[in-house]
Amino acid sequence: MEAPEDVSVREQLFHDRVRETIICVLLFICLYIVSYLVITHYKRNAEFTIDNSEDATVNKIALWLCTFTLSVSVGAVLLLPLSILSNEVLLSFPQSYYMQWLNGSLIHGLWNIVFLFSNLSLVFLLPFAYFFTESEGFAGSKKGVMARLYETAVVLFLLTLLVLGMVWVASAILDDNMARQSLYDLWEYYLPYLYSCISLFGVLLLLLCTPLGLSRMFSVTGRLLVKPRLLEDLDETMSCAEFEEASLSRNLTSGTSSWINVNAEVLRNRFLNIQARRIALEIRKRASPWQRNLGYPLAMLLLLAVTVVCVLIVCYHVVELLFDDTAMPRGMEDPLLGAASFSMFGSLGAAVQVILILYLMISSVVGFYSSPLFTRLRPRAQDTTLTQIIGNCVSLLVLSSALPVFSRTLGITRFDLLGDFGRFNWLGNFHIVFLYNILFAGLTSACLINTLTWTVQRELIRAFGLHKLPSTVSRSTIPLRLLLANGLSKIQ
């Protein structure tokens, strides 16, 4: 009787493994298709339609590698939301036949796959893609794709030796005994240690970009929505824009300017800016009163509420770190999904956690591209070079792979890190985690207060018409009575 039971157990394990593999493959195919569409929207088509078939082949291979990396980045972003939602689904339907495929083994496997592919993309695939596009083959060798492949392989091998040597030196400085024991153990010590350093860099980058992005989200959302008319004569502004557009159009068609001798390219750019402004004013004029007077305030209040909730959760987590050891981020080997909710508010709290995690990721991307250091990496539709695509994929992979650690460190969720994500050496350091939470709460509060005060000041200046004053006139010298009179006249 034991043999048939043993066979049935092995068959069940085999079917479970096949089912998990199929689910992972289907999920990856969907992410790959979405990533390919995104990259195709931004890539410069001239680099892939050139006459040289060798360069076109190399660019296509590099593009496939970038698409693979971007799909891994999206998968890393979805790790925590999928894990939290899976736990809540199993809590709601514990005995459902259609939910048997959703278990801890599948979620744990997804975490391991994302960790493996993140290491593979960051250490090998993206450097290979960059060196492959820049290579020309060794001097004296026959030109072709294979010659460029050999040169890329050699350069990548030398770079790998250099990086591993630096990692070994760093580990020897921190812990000499571990460095001696792990001299020949590449997979067990070096790669996790290297990825731990990269993850720490990603978490620090999120610390700088996320507060900036949270403050920039208000202006980004404001450009997408129609603002209410606050003490503004929209018809007069639109008439001025139409008059200026007609004047610039006449100067462009005649080829001369009646008042100054300007460059045609500068004149054309100014015409396009005025035209875009006129179109935006027309959209504002056609907008319904509900969309104009209710949509924009509600969106701003929603963004403010989500940001304040993030700051309050981090402040609560700071207090929790002082009195509760379980608040520290840690790894979890065997996830018990469906046993208990990871939020004290149940399913509603879990949904809020998912929204906050995705919102923080979007804010970090906005803050990253708003930073003066990374403005040149900002992609442009149909005008992004392959080198810029590779740089963007590296940046997004670093940010997204650090998102689970970032969310758990700030206490946004109590879902512990699975697999190798919980093996980072610095996660158990109380001083690093505590200081990180303090810095995030302080920077976010400072950026939020600065954004709100400057936004109110800018809207008041525009409402009272002070933005039309010449730069030589100081706004602080204008009497208060004149401001009030100007505002009351516009209200009337």
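The backbone N, Cα and C atoms fix where each Cβ goes, and this holds for glycine too.
Residues or ranges marked as transmembrane segment in TrEMBL: 20-40, 61-86, 106-132, 153-173, 193-214, 294-319, 339-369, 389-410, 430-452.
Among the recorded stretches 106-132, 153-173, 294-319, the one sharing the largest number of Cβ pairs closer than 8 Å with the transmembrane segment (339-369) is 294-319. Contact count against the transmembrane segment (389-410) (Cβ pairs under 8 Å) is highest for 61-86, out of 20-40, 61-86, 193-214, 430-452. The largest share of C-beta pairs under 8 angstroms with the transmembrane segment (294-319) comes from 430-452, of the ranges 106-132, 153-173, 193-214, 430-452. Tertiary neighbourhood of the transmembrane segment (430-452): same-chain residues 203, 207-208, 210-212, 214-216, 218-219, 307-308, 310-311, 314-315, 317-318, 321-322, 328-329, 409-411, selected by CB-CB distance under 8 Å and a gap of 6+ residues from either end. The highest tally of CB pairs under 8 A with the transmembrane segment (20-40), across 61-86, 106-132, 193-214, is held by 61-86.
Long-range contacts of the transmembrane segment (193-214) within the same chain, counting only residues at least 6 positions beyond its ends with a Cβ under 8 Å from a Cβ of the stretch, are 115, 118-119, 122-123, 163-164, 167, 170-171, 307, 310, 360, 362-368, 370-371, 398-399, 401-403, 405-406, 409, 420, 423-426, 436, 439-440, 443-444, 446-448.
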